[in-house]
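Participant: Okay, so Swiss-Prot annotates it like this:
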BINDING   PHE16, SER17, GLY18, GLY19, GLN20, ASP21, SER22, THR23, THR24, CYS25, LEU26  ATP binding site
BINDING   CYS204, CYS219, CYS222, CYS225  Zn(2+) binding site
Amino acid sequence: MPAPVSRAHTSALVLFSGGQDSTTCLAQALAKYERVETIAFDYGQRHKVELQARLNVLRELKSQFPQWAAKLGEDHLLDLAVLGQVSDCSLTRDVAFKMESSGLPNTFVPGRNLLFLTLAAALAYRRDLQVLVTGVCETDFSGYPDCRDDTMKAMQLALSLGMDKRFLIETPLMWIDKADTWALAESLGGQPLVELIIEHTHTCYLGDRIHRHAWGYGCGQCPACELRARGYARYAEAA
């Protein structure tokens, strides 16, 4: 069995795509841990603009939040083109968004989060990081099976056993909706963090950085934009 994990974690590896959710998770990790590293994956996604967005977010976080800048460690970008080769979905192919006969939207990339966590754990093993932070949730999501709490618990056990190292997978957004995610960001970094998320993070499946809305950039019509817009509207109404 893996060796017992220390109760006092001091470092974490955040799966950071450059979107609203992972940026909020990164902010929480920076508020909680002494050392934080980030990891992302280039898997042949259509909206590669997110790979640039994440660099912009990291730059702005360091500039606007000096108390967090000192905690930000190395950023890692891994080439996972093989995932795009085996996936036939609207995130890796130029096809329209639709629901499949399985009941899942064709934005689902089979195995994506499982691969992400496995590779993140392998890197964390080498970097001596015991906490993996991911922005998956069961509340405002499209039914993706690899976003479920049960899946995360199973992955935590499998990775800990398979690498003989006691990993902890943190899912700060698992039980909150998009409106609460906006509110969480405000509680962590005030209005400056909310504005940073609006201006610099990317969510749109189509990679639209032309159309600016109150909640940020995007086409306003894809499932990701609609979810982000509804959450922001509820957050703004409650503010």
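Every residue gets a Cβ built from N, Cα and C, even glycine.
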Participant: Given a separation of at least six residues and a C-beta threshold under 8 Å, show me what packs close to SER22 (ATP binding site) in the same chain.
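Facilitator: Non-local contacts for SER22 (ATP binding site): VAL14, LEU15, PHE16, ARG54, THR134, GLY135.
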Participant: Taking the Cβ of LEU26 (ATP binding site) as the reference point, list residues of the same chain whose Cβ is under 8 angstroms away and which are at least six residues distant in sequence.
Facilitator: VAL14, PHE16, VAL36, THR38, VAL57, LEU61, VAL133
Participant: Roughly how many Å separate the Cα of GLY18 (ATP binding site) from that of CYS204 (Zn(2+) binding site), to the nearest whole number?
Facilitator: 11
Participant: May I ask for the distance between CYS219 (Zn(2+) binding site) and GLN20 (ATP binding site), taken between their Cα atoms and rounded to an integer number of Å?
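Facilitator: The separation of the Cα atoms works out to 16 Å.
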Participant: Just to verify: the residue among CYS204, CYS219, CYS222, CYS225 with the fewest other Cβ atoms within 10 Å, which of the binding-site residues is it?
Facilitator: CYS219
Participant: Identify all same-chain residues not among PHE16, SER17, GLY18, GLY19, GLN20, ASP21, SER22, THR23, THR24, CYS25, LEU26 whose C-beta atom falls within 8 angstroms of the centroid of the ATP site's C-beta atoms; report them in sequence order.
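Facilitator: Once PHE16, SER17, GLY18, GLY19, GLN20, ASP21, SER22, THR23, THR24, CYS25, LEU26 are set aside, the remaining close residues are VAL14, ARG54, VAL57, GLY135, THR201.
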Participant: Might you list, by sequence position, any residue in that chain lying six or more from THR24 (ATP binding site) with a Cβ less than 8 Å away from its Cβ?
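Facilitator: Looking at Cβ-Cβ distances below 8 Å from THR24 (ATP binding site), excluding near sequence neighbours, one finds GLY135, PRO172, LEU173, THR181, LEU184, ALA185, LEU188, ILE197.
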Participant: Taking just the CA atoms, what is the gap between GLN20 (ATP binding site) and CYS204 (Zn(2+) binding site) in Å?
Facilitator: 11
Participant: Tell me, how many other CB atoms lie within 10 A of the CB of GLY18 (ATP binding site), whichever protein chain they belong to?
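Facilitator: Other Cβ atoms within 10 Å of GLY18 (ATP binding site): 24.
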